[in-house]
Each structure stands twice: as structure tokens, then as C-alpha cells.
Amino acid sequence: MESYLNDNFGDVKPKNSSEEALQRWRKLCWVVKNRKRRFRFTANLSKRFEAEAIRRSNQEKFRVAVLVSQAALQFIHGLRLSSEYKVPEEVKAAGFEICADEAGSIVDGRDVKKLKIHGGIEGITDKLSSSVNDGISTSESLLNRRKEIYGINKFTESPARGFWVFVWEALQDTTLMILAVCAFVSLAVGIIMEGWPKGAQDGIGIVASILLVVFVTATSDYRQSLQFKDLDKEKKKITVQVTRNGYRQKISIYDLLPGDIVHLNIGDQVPADGLFLSGFSVCINESSLTGESEPVNVSDLNPFLLSGTKVQDGSCKMLVTTVGMRTQWGKLMATLSEGGDDETPLQVKLNGVATIIGKIGLFFAVVTFSVLVQGLFSRKLQEGSQWTWSGDDAMELVEFFAIAVTIVVVAVPEGLPLAVTLSLAFAMKKMMNDKALVRHLAACETMGSATTICSDKTGTLTTNHMTVVKACICGKIKEVKNSTDTSDFSFDVPDSAIAILLESIFNNTGGEVVKNENGKIEILGSPTETAILEFGLSLGGDFHKERQVSKLVKVEPFNSIKKRMGVVLQLPDGGYRAHCKGASEIILAACDKFVDKNGEVVPLDEDSIRHLNDTIEKFANEALRTLCLAYVDIHDEFLVGSPIPIDGYTCIGIVGIKDPVRPGVRESVAICRAAGITVRMVTGDNINTAKAIARECGILTDGIAIEGPEFREMSEEKLLDIIPKIQVMARSSPMDKHTLVKQLRTTFEEVVSVTGDGTNDAPALHEADIGLAMGIAGTEVAKESADVIILDDNFSTIVTVAKWGRSVYINIQKFVQFQLTVNVVALIVNFTSACLTGNAPLTAVQLLWVNMIMDTLGALALATEPPNDELMKRPPVGRKGNFITNVMWRNITGQSIYQFVVIWLLQTRGKTAFHIDGPDSDLILNTLIFNSFVFFQVFNEISSRDMERINVFEGILKNYVFIAVLTCTTIFQIIIVEFLGTYANTSPLSLKLWFVSVFLGVLGMPIGAAIKMIPVGSV
């Protein structure tokens, strides 16, 4: 079976599967009772194709519209005066001077002319009752007025499907429809022959069973849809930094309003349509909106920013002009109808299993029906009544047909792929509580097979709470005690050196020092920037004074490839000076001078270079991140378009930043190692820092540490030899990470999980089997490329994700083992009985109840089992592991043989053994068989909690769902047997026969334990 599954259903990958592969496997699933239900939570490929066509059309229309509107509007505005625009009265009354449509048309049409007519960006800001420096007022009444005039920043969503929609979809099951027809015929014939209500009992029994199946199915699916809707809301939660009432603050993207001043950085998503206020080197990727792959430079000359686009480089402030459905992104989204997630490999494989068993079941159903009909004809031939047919004969034929159809209902295990969805939905909800947001279903499943984790250092293995603890200024090394309130730290260095250091710290930064609403100093920016700024404040520096002394002319934000950032200042005397900071050895290599102990600039000689390199190595060996700060005076006129100098710098100093290892990381790495998962550190930091942290975390043991530049220069043969040994890669670029991940996946067939937080990590996140983005430090671009978002940026959470992934995989295996056992026994019992005795001991109503036990209720019980620590003490499944293992086949075969033998003995020897006689003896015996069969499944469900261990009761009381399912199954079984005999073809049983039924079910557990002791291969 496994080879058939791999050949026909194995080409669907966890990520980026071709539509051809997705279409192909669906065509193979022709034995599908309810296509709407089976494929509900997977991608609608026709809708996806339609959506892509609409997107392409809209992108083309948008490009044409921009060009046409620019030309037309320029012509029209050339003819009219600014006074022609009239402010609507309701807008005036609300305190604004421009309506939503007019503000939106400026950005929509990229209309520079209209922007000038309204007084430029300052004019638009005033008309929106906002301030470039202070933003909008947060007075509740003013915010409400703003919402009334301009709308809110939300897109219209299709309404959630109600419960009755799921009921209707559950009714679309082909076999249930056929059974409904059988029930109708049974009702009609029964009432004609025997009158009401006696003649209607069989038909009502089938109808009641169908309704029970439909409502339980619909309830389960409805709850799943609510879970997915909640998770979808979590995915869309984005916070943005705005200035309101003069204070920087974070708000939800949904609370954004026209007039808001938004601060954007590299990797951010533009949250609304708006105008560029100020910034440097801003490049916007508009491909999601316009289809253009080339980034667009945004500046004073082209100040238009569009919602849904991404900041590829630079940072800026923007004025929001349009929100929600009035934005170009909102209009585009309104026309699209996305088709959902791609199916996961496990769903595809289980669809294959369902298809194989469905075909077998269809064959058995046809043969069973044929044998039963032949038996009826044979009996009538013996009686000589083959030409006279009564209503009883018609009822018998209907019952035979209903049994055959119900065999198909039981045989086609549509619950298999749906159990994956149920288990994944359950796991995703629980993982949210554990600080992991799953964006793609397949990731949760694939993470259970992970063999390698390529982890960042900063913020994942470490706390990301950074402080400068050592500094080397003017060649002197000092320990640093930071304080933002005092300036008691003193270096034995000249004032001139301190002055140039503070100029560098406060101007060459992506952070900011502000006062919050309580009047306290607050530092905004990345943890590294925060540490450096805090260091500057401890030296007695004043952020705002330093920024006012010189004019910022050019900014090159930090780049993970160059590993540096730089600025150019225009000094008060009219001269220009460039400052840069970054990876110590890279910046030091660009220096030819340094500030000595007297505060004088002197050439770097060999001794000085050796001293500084030794300092870098000393700091790094103490697990400190090192940054070098340097400057160069530019003697010629500096043009804004010119690049920042790359050499000729003067070294100001080197700082050592402490970023402590997170508590519990060492233990988590040890858990991974025990679970057969290799943890590799991939960082941009200095190799000595990386090695020190890796040793502290337990990552670097007997493997090697390598630097990115050395790695990328290696030949293919050398890479093949060295990659399995790599435990640390330092000074790596995003492409180094991408190469490592690709080689591990393709050449070594590892299942790779990789973490990332920056925009440049997107290729590696996309390439990996499981991309993990950081929820705190991660950019929106990284999050969008990831499969799972680690909300607390903690490595321990990654281990939790792996544990849940394994739990999902094992739970589905348990459920498959349980369901296949029921399938095999139900099929063989009814088939052999029909062949040998001419009747089926399990009726249509009883088979429907059994189907619900093994399908919906079984999935709820076994597919929602929480993970345990034992899961992380076994090796991962790996890329080529068989899903249905030898252990599962052993358990299925053993339990099936036991159940079949007992049922066959009951059928042939039951009356004699338990003294069952009288006119109802056949009915009582069949009830005993049915009751025993159900209790076989109840106790086999308990045995299936662990496929290998004898003790299956461990943790059972913690799984409330499992206990509830067992309790409900038992109670319903008692009701069906004791009180619904008329409709379910059962008879009340004596206490003795109840004891026999339960005892035979319980006996299956020690037999199951004995079966588990039979040695088999693990494959």
C-alpha cells in the first residue's frame, strides 16, 4: 500500500506544490461520498486560478489607469483653479477640509498637480486636522468623527457560514442520499403492508440514524471552521508605530485613520494609502499590487505610498490619506476570492488510503448485495414462490440494498483526511496558547518530521535584551554601567573623543529617544540600537541636541549583507562627515586611522590594529556582540545621490554588547538532540561570539564552526563533506543561510526548519520545509514568508512546535489504525455472514452508528490527544518514512483476527453457549453480536492510545475529550440496545449478555497488549 501511495499520492509537497500535482491526486480520489466536505478545508484550485486571473487583470488595469489618470488629470487641472474643489458640508462640520474621495484620488492617480493645488503634503496634513510632528488627537469624539467621514481600516469579509450551511453540506453525501431513498421506500412499503406506526419503524430508524450522523458531522465541521476563523484573525493582527498627541505609540493596523503619522522601517507592510513625509533611501516593492518586480523609489518627488506594498529598503514617516476599502489594496481584495490552504501531504496520503479502501469496500458491497439477493431468490425457488412477490419481499430487498450502501458508508473512510484537519485545527489552537501561530496547515504536520533546525542567535537563543557592558575608546577598555537618568559614567578620555562618539551614536542610528505620555524617557528601536543609545545617554549625551547640531543628508540603513549602516551629516561649518557602524572586523578593515588616548587622530599602525583585533576577540570570547564605530570627513561637496564612502575611516571605538542566553535554551537543545534533531546556529555575528554562545547553549559540541565568507567560497565537493559537520555558521549572509538550507534539503534529504526575522531571510524561509518567523523582532515580509510565527521569539517554543507536530502525526496514525480495524472487521463480518448464512448480522442503522463511532467520534477521541514528553525521545519520521508502519499493520491484523473470530463464534455457537432460544433468538443473538462489536471498538480505542507501549492509561484522565467520547458512546449504545430496539433492530439484553458483551470488549485490551509484544520492524 505504501508504494502505491508514494507513487500516486507522494508528489504533493508540504510547500509550493504544483497545481498539476494537486489536480492529479484529486482525480485519483474518485470514490468520494461527499466532495464538498472532503475538500472543504483545502484549496479550491478553480477559484485560485480565477483569483490569479482577476489579480493579473486588475494589475494591468491599475498600471494603465495610473498612466491615463496622470495625463488626463494634468490636462483637466491645467484648465481649472484650486477653488473649484468644494468641501462637502458634512466634512466641514466634522472639522476637516478634504473628503475621503478627494484625498484618495491624489494617491490613486499619483496626482502631483492635485497635491500642489491642495497645498502640498503640509496642506493635506492641515486639511486632515493632523500635524506632521504631533499626529492626530486621540480624543474619543474626534476619532469617532474621523471614522464617520473617512471610514475604518478594515476590508469587507465574506460572512461566516452558519451551522445550517454545514448541515446542508453534510447532507450532500451520496451514500446518505441513497440511504434516504431506501428509508423513503421502506416507509412507503412498510406503511402500505403493516400500517402506521408499525410499518414505519425500519424507515424511521434509518432516517434517525442519517440525521444523527449529519448533525454530529455538521457540529464537528462547524467547530473546526470557527477555530480556523479565529486563527485567521490572529494571522492578520499587525501593529504599526504612529505618532498621536505628539507621542510615539503602537496601535493595531485596524485602528489606523486618515491623518495618522506612521513610522515605517525596512520589511514593514505599508498599512494604508498615504504620502511620504520624510525619510531616507526608501524603496517600495509594489509587486503585490501592480505586478511590477522592480522596486519603486519613494521621495519628495514621488511621495505616493500604497497599502499592501512592502518597504524593501530604508525608513520613513508617512501621512495616511485613505484607509480600508477606499485604498487600492482594498479595491483589489474585494474582487478576489482565495481558495484556502493547499492540502497537506498527510491529507493527500490519507485520501489515497481512503480511496484504496473505498474501492475494496465498493467491491464487497456489490458482492454482499448480490449474495443476499441470490439467497432470497434461492429461498423463493425452494418454496416455489418465485413468481409471487409480497411487500415483505420488497422490504427485504430494500434492507439488502441499504446494507450494501451502508457497507460503502463504513468502508470509505472519509474520516481519515478529515481527521488530519481536525487534529491540525486542535493543535493550531493549542499552539497559539504556547506562543506559536501556525500560518499554513502543512507546517504543523511537517514540523513533526523535522531533522534539522537552523536557528538565529539573537533573540531566539538569547533574550534580545541588550546592554553595552564593555567599551574600548581611545585604546582604553572600560566596563560600562548604563543609566538613562544619570551621567555618572566617566572615561579617562578627552572631551573631543567623547564629542565625536556621541555625534556618531545619536546620528548614526535607526532608533529614537522620546518622552512618553508619563514624561519618562523611552528608547525606540531595535535591541541593538536601544543598547547603543542607552550607552550614549549614560555618557551624558542629549539625543535631541545632537540631532539639531548637524543636518542629516543621507542614510543607508543596516544591511545584513554589508553588515553595516551609515549616515552623512552636513556640519555647522558647511562641511560633510560620514559615520558608519557595524560588524567590528568589517568596519575596522575600512579604517586607516584611530582616535588615540589624547583624543588625536593618528594613523593605524600594526600594533594598534593588533590591539583592536585582540580587543574584538576578547569581547567575542566573553560572548559579547561587538560593534565598531567610525567616521570620515568628506572634503568635497557631497551629492545626495552619491554613495557613502567605503574606506578611509577613523575608528572611534569598539563596544561589547551583552545579550544573555535565554533560560531553558540549553535544556531545549538537549531535548532536540535526544529527539534526533540537529540544531545549527546561523548568525551574522562574529565567529568567536557565536562559538561562545553556541557552547553555552550546548549547540557546539564535536562539530565545526565556520564563517560565511569561507563557506561561500567552498567547492561543491568540499561542501558535501563539511555541511553535515557544521554546527555554527557565523558572519553569514542571507544567501549563505539559503544555500545551507537548500543543500540540507536536497542533497542530504533533511527535513529543515529555519528561523528568520529580517526581510532578507525571506528566501531561506521560503526554501525551508518549515519557515519560522519571529513575532517580536520579525518584519512583516519575514512573517509573510513563514509557515509558523514564534510569537515570543523563544527557541523553547520551536521545540514545543516540534512536539506538537509529532503529536499530530502520531495521533493520525492511531486514528488510522483504529479506523482500519473497524473497517476490516465490519466488511468481513457482513460479507462472510451474507455468503454463508444468507443474512447480515449488522443492519444499516447499526452500521451507521458504527460509522459515526469510528469516523467523527473516533477522530475527536484520538486525533486530539495532547503531546507527551516521550514523543521527544524517539527519532523523527524523516522525509521518506512510511506512514502506515509495520507496527500499525501488526496491531490492525491482530485486533481484526480477534474480533472476527469472536463474532464468528458468537454467530455459529452463540445460541448454544448462552442458551438463547425462543422466537426472538435470532434478534437477541444479532443484538449480542452488535453490542459486542461496539464494545470491541470502545476498548480498542483505548488500546490505540499508544501503538507500542502496554500502558495505555497514562494521562487518560487529562484528555477530557477522550473521556467524553467514550462516555457518550457507551450511553448511546445502552439507549440504542435497551430503548430503540424497534428502530435499530435490537432487543433488550439480559445482565448476563451485557456482561458478556463488555467482557469480550475488555478482553481485547490484554490481547492487544500481547500483540504489541510481537516484534516487528519499525518501518
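Positions of Cβ are set from backbone N, Cα and C atoms, glycine also.
Quick look at what TrEMBL lists:
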{"type": "DOMAIN", "residues": "117-191", "note": "domain 'Cation-transporting P-type ATPase N-terminal'"}
{"type": "TRANSMEM", "residues": "176-197", "note": "transmembrane segment"}
{"type": "TRANSMEM", "residues": "203-222", "note": "transmembrane segment"}
{"type": "TRANSMEM", "residues": "356-377", "note": "transmembrane segment"}
{"type": "TRANSMEM", "residues": "397-427", "note": "transmembrane segment"}
{"type": "TRANSMEM", "residues": "820-842", "note": "transmembrane segment"}
{"type": "TRANSMEM", "residues": "923-939", "note": "transmembrane segment"}
{"type": "TRANSMEM", "residues": "960-981", "note": "transmembrane segment"}
{"type": "TRANSMEM", "residues": "993-1014", "note": "transmembrane segment"}
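Tallying C-beta pairs under 8 angstroms between the transmembrane segment (993-1014) and each of 203-222, 356-377, 820-842, 923-939 places 923-939 first.
For the transmembrane segment (923-939), the residues of the chain that approach it from at least six positions outside its boundaries are 818, 821-822, 825-826, 829, 841-843, 846, 849-850, 853-854, 858, 895, 899, 902-903, 906-907, 910-911, 914, 916, 966, 969-970, 973, 977, 981, 985-987, 989, 993-994, 996-998, 1000-1002, 1004-1005, judged by C-beta separation under 8 angstroms. Through the fold, the transmembrane segment (820-842) approaches residues 357, 360-361, 364, 367-368, 371-372, 375-376, 378-379, 403, 407, 410-411, 413, 850, 853-854, 858, 888, 891-892, 895-896, 899-900, 903-904, 907, 925-926, 929-930, 933, 936-937, 940 of its own chain, all at least 6 residues removed from its boundaries and within a Cβ separation under 8 Å.
Tertiary neighbourhood of the transmembrane segment (960-981): same-chain residues 205, 849, 853, 857-858, 860-862, 864-865, 927, 930-931, 934-935, 938, 941-942, 945, 987-989, selected by CB-CB distance under 8 Å and a gap of 6+ residues from either end. Across the domain 'Cation-transporting P-type ATPase N-terminal' (117-191), the DSSP tally of helix, strand and coil residues reads 46 helix, 1 strand, 28 coil.
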